[in-house]
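Since the structure comes first, as structure tokens, the remarks are kept for the end.
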Amino acid sequence: MPWIIFSTPLAIIAYFLIWFVPDFPLGMERSHGFLWYLLFYCLFETLVTCFHVPYSALTMFISTDQSERDSATAYRMTVEVLGTVIGTAIQGQIVGQAKAPCLQDQNDSEVALEAVNRTQSTGSLKETQNAYLLAAGIIASVYVICAVILVLGVREQREPYEAQQAESMPFFQGLRLVMSHGPYVKLIAGFLFTSLAFMLVEGNFALFCTYTLGFRNEFQNLLLAIMLSATFTIPIWQWFLTRFGKKTAVYVGISSAVPFLILVALMKSNLIVTYVVAIAAGVSVAAAFLLPWSMLPDVIDDFHLKHPHSPGTEPIFFSFYVFFTKFASGVSLGVSTLSLDFAKYKKQGCSQPEQVKFTLKMLVTMAPIILILLGLLLFKMYPIDEEKQRQNKKALQALRDEASSSGCSDTDSTELASIL
């Protein structure tokens with residue numbers, strides 16, 4: 001909780017400054033602007049990570065029952081997707097009303113860009129800046145409200161057998177044990193590839209809609225349709241994983257994105273069909289949000305059975321999960337930027353060369369499909385199925401009962417953990 005409390009106000013300030021445009025000295029706008037936005041974007045990402053890791057790890061500390069943890073994960077991911085919907089709606093609808101001019105001259109884009117910057121009215125530029133600041137202020141307010149609810153409304157619980165441990169395991173010793181735990185390595189590897197796939201789609205979808213499909217004024221509404229669909233289908237996936245198992249839900253949920261990505265690659269510019277595909281794609285986005293996170297508590301329980309005297313390792317599990325999310329985001333941005341640069345992407349262009357349109361199509365369809373298939377192959381090697389979960393639950397309950405009734409000695413807990 002201290003990490004959440006102290007990081008929140010600083011993260012809010014950093015987020016707001018990302019969207020603020022200072023009056024840089026004439027002729028120094030590019031160099032000073034680069035340093036300004038690099039500094040505050042990195043600062044915001046660092047501070048929001050200080051929020052996200054403990055927030056995610058709280059899943060293990062609000063209950064000792066696996067079904068309750070699964071339910072909490074479903075609620076958490078539903079609200080996270082709902083937060084993305086709210087952010088998409090606020091940012092997209094407010095900023096979408098202040099449209100920047102596009103460039104008609106593709107052969108001399110740099111000169112044209114400078115001309116547009118010189119001739120664009122001060123009032124129009126100010127309107128655009130104010131739109132970004134208004135959206136940033138509203139989103140920052142939502143951030144504060146949610147952080148206050150979290151701090152005041154959540155209380156941590158400790159496992160009975162962990163409460164008897166005098167202190168947590170040293171960090172590097174715990175890290176070595178965690179990163180050598182086979183199920184965790186397989187899970188984060190599959191999670192990395194599937195996350196990268198959906199982040200490539202997410203990061204390039206606006207440009208894909210604008211230039212490849214030709215829907216310049218609809219991309220924010222299409223994003224909203226995807227996220228609303230994801231919000232409403234997360235409870236369905238929660239029911240599916242409790243009925244058919246988590247591994248089955250992963251295969252069905254994440255692989256269901258493949259047909260729709262293929263359809264996007266093959267279809268012509270049809271707005272109605274695009275909306276239908278966007279809503280259907282939201283179903284897979286919901287599965288990608290929920291299922292890997294719902295599998296992580298199972299891995300931690302399995303780890304605790306194999307290493308019963310290793311308290312305090314939960315944040316390591318969650319922090320590396322978050323790390324690979326950030327890593328996938330960075331790789332997605334880097335690959336997208338380099339690919340578009342090689343394809344001769346024209347900044348603020350009203351249209352783009354054919355190679356840019358083709359590159360965007362590959363970034364939104366073919367590359368994610370390959371990454372999804374690789375991720376599913378890694379999930380296939382993930383060893384914790386429904387039977388293994390039942391065995392772990394029985395062994396953990398025995399460990400808790402023993403700790404609650406008479407106190408667990410080192411020998412007792414080791415024998416209990418060897419049930420499997």
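Note that Cβ sites are derived from N, Cα and C of the backbone, with glycine treated the same way.
Annotations in TrEMBL come from automatic prediction, not curation.
Sequence annotations record features per position, and here TrEMBL assigns transmembrane segment to 6-22 (among others).
The feature transmembrane segment is assigned by TrEMBL to 34-55 (among others).
TrEMBL lists 131-154 (among others) with the feature transmembrane segment.
Only residues 6 or more beyond the boundaries of the transmembrane segment (184-201), in the same chain, are considered here, and those with a CB under 8 A from a CB of the stretch are 178, 254, 257, 261, 281, 284-285, 288, 292, 295-296, 299, 303, 317, 320-321, 324-325, 327-329, 331-332, 335-336, 363-364, 367-369, 371-372, 374-376, 378-379, 381-383. The feature transmembrane segment is assigned by TrEMBL to 184-201 (among others).
According to TrEMBL, the feature transmembrane segment maps to 221-241 (among others).
Distant neighbours of the transmembrane segment (248-266): 194, 197-198, 201, 237, 240-241, 274, 277, 280-281, 283-288, 291-292, 295, 361, 364-366, 368-369, 372-373, 375-376, 379; these residues of the same chain sit at least 6 beyond its ends, with a Cβ under 8 Å from one of its Cβ atoms. Annotated transmembrane segment per TrEMBL: 248-266 (among others), in sequence order.
The feature transmembrane segment is assigned by TrEMBL to 272-296 (among others).
What TrEMBL records for 316-338 (among others) is transmembrane segment.
The transmembrane segment annotation in TrEMBL covers 358-379 (among others). Tertiary proximity for the transmembrane segment (358-379) is limited to same-chain residues at least six positions away from its ends with a CB under 8 Å from its CB atoms, namely 186-187, 189-194, 196-198, 200-201, 204-205, 207-208, 211-212, 247, 250-251, 254-255, 257-258, 261-262, 264-265, 335-336, 339-340, 342-343, 345.
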Request  = Quick one: find which recorded stretch in 6-22, 34-55, 131-154, 221-241, 316-338 has the most Cβ pairs under 8 Å with the transmembrane segment (272-296).
outcome  = 221-241
Inquiry  = With pairs fewer than 6 apart in sequence excluded, do the transmembrane segment (316-338) and the transmembrane segment (6-22) have three or more C-beta pairs that lie under 8 Å?
reply    = no
Ask   = Counting only residues 6+ away from its ends, which parts of the chain sit with a Cβ under 8 Å from the transmembrane segment (34-55)?
value = 1, 3-4, 6-8, 10-11, 14-15, 17-18, 22, 24, 147, 150, 315, 318-319, 322, 326
